[in-house]
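Chemist: Here you go, one structure.
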Amino acid sequence: MAKEKEHINVAFIGHVDHGKSTLIGRLLYETGEIPEHIIEKMRKEAQEKGKATFEFAWVMDRLKEERERGVTIDVAHRKFQTDKYYITIVDCPGHRDFIKNMITGASQADAAVLVMDVVEKVQPQTREHIFLARTLGINQIIVAINKMDRVNYDQKEYEAAKEAVSKLLKMVGYKVDEIPFIPVSAYYGDNVAKKSDKTPWYNGPTLLEAFDLLKPPEKLVDKPLRIPIQDVYSISGVGTVPVGRVESGVLRVGDKVVFEPAGVSGEVKSIEMHHEPIQEAYPGDNIGFNVRGVSKKDIRRGDVAGHPDNPPTVVKDFTAQLVVLQHPTAITVGYTPVVHAHTAQIACRFVELQKKIDPRTGQVKEENPQFLKTGDAAIVKLEPTRPMVIERVKDIPPMGRFAIRDMGMTIGAGMVLDLTPRK
């Protein structure tokens, strides 16, 4: 059997209306991932309407109409293949209230595609998303300079847009010479899957080729097992079935597992993915697993499964590098917002503001600051108000990132540098 392609998760980021959905739709269309029956239905309609040329753009218009009528074609975890990878799209829509998704979603992304309108260039969310991608440790980025059809595929316009976004990327510490900047029209398909004859001046990769230039994600297989629990079901005739995504390590049928902070353990009787039984589950797999010896009431969303010889770390407190994205006043010691880490949401108290740092260089700007405000980056110590599992970002990267929410908004994003395990 041929070696299976590696999986890679890609977040689509960028300002609202710069064309993320259209670009995602175009990629799915070009790679044959929009279900045939949908295409077929639209082909028929196209013929009836006398649109002999069945164009993707028309498909996108129809999908958009259906979305506006509240019918979403379910492409939530959307996947497509390139020559080298299976790619899962972690879509990060543009509006402000999606920043939390971006933080919880993007922390699972191995790379990001920044979609930017060639006319509008850098907009507020363009900045915010680049800043966040950086903070969340997304080190690989592809820039799609979209809507080239609006400027007649003019190289000067492309260069101006590239220059504007490069400044920003450099500022937060991306190596701009390693980033592909691709002039595309998601609507017409230029340089998405096929090189466009409208941009003879561009000799870089298409978007599809650029995915194959990404480095595969760090091997999380060799790290300790961690499965944050999303839901727990009790299935008659089967038993207790926790559901979650394997973030690190490998789970095998027959393994003993322990759930923290619940402190209960059991034996894995079976594992299922996409309704198929499997013998072992790897990082990135969304699974349900039947555990003997554990009842549904013992565990809940936010608990984490691991192996007994290297159990998930329950912390007394943790030290983190944090960026304050927005706060109406200022953060001081004693502030207790909700920390969203993996699937857990737990109120944590700020117990120390240790230092303010320059987010770009990491240099200390101020020791023991009195307060933190919007835009500040800092090292802080947080104390969960109830037992919580979190790991150092250097030990298990996906388990060491978190978002801070309060008052219905995302206050900040951070990563765990150190921790004190609970005795």
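Cβ coordinates are placed from backbone N, Cα and C, and glycine is handled just like the others.
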Chemist: Between 70-74, 150-154, 190-194, I'd like to know which one Swiss-Prot lists as region 'G2'.
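Modeler: Within the set 70-74, 150-154, 190-194, Swiss-Prot attaches region 'G2' to 70-74.
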Chemist: Please identify the range among 146-149, 198-201, 242-245 that Swiss-Prot labels region 'G4'.
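Modeler: Feature region 'G4' in Swiss-Prot: residues 146-149.
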Chemist: Any idea which of 14-21, 358-365 is down as region 'G1' in Swiss-Prot?
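Modeler: The range carrying the region 'G1' annotation in Swiss-Prot is 14-21.
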Chemist: When Swiss-Prot marks a stretch as region 'G3', which of 91-94, 267-270, 275-278, 327-330 is it?
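Modeler: Result: 91-94 is the stretch Swiss-Prot calls region 'G3'.
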Chemist: How many helix, strand and coil residues does the region 'G1' (14-21) contain under DSSP?
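Modeler: In the region 'G1' (14-21), the DSSP-based counts are 2 helix, 0 strand, 6 coil.
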Chemist: When a 10 Å sphere is centred on the Cβ of Lys20 (GTP binding site), how many other Cβ atoms does it contain?
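Modeler: That number is 25.
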Chemist: Measure from the Cβ of Ser21 (Mg(2+) binding site) and count the other Cβ atoms within 10 Å, all protein chains considered.
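Modeler: Here the count is 20.
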Chemist: Let's check the environment of Gly14 (GTP binding site): how many other CB atoms sit within 10 Å of its CB?
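Modeler: Its Cβ has 27 other Cβ atoms within 10 Å.
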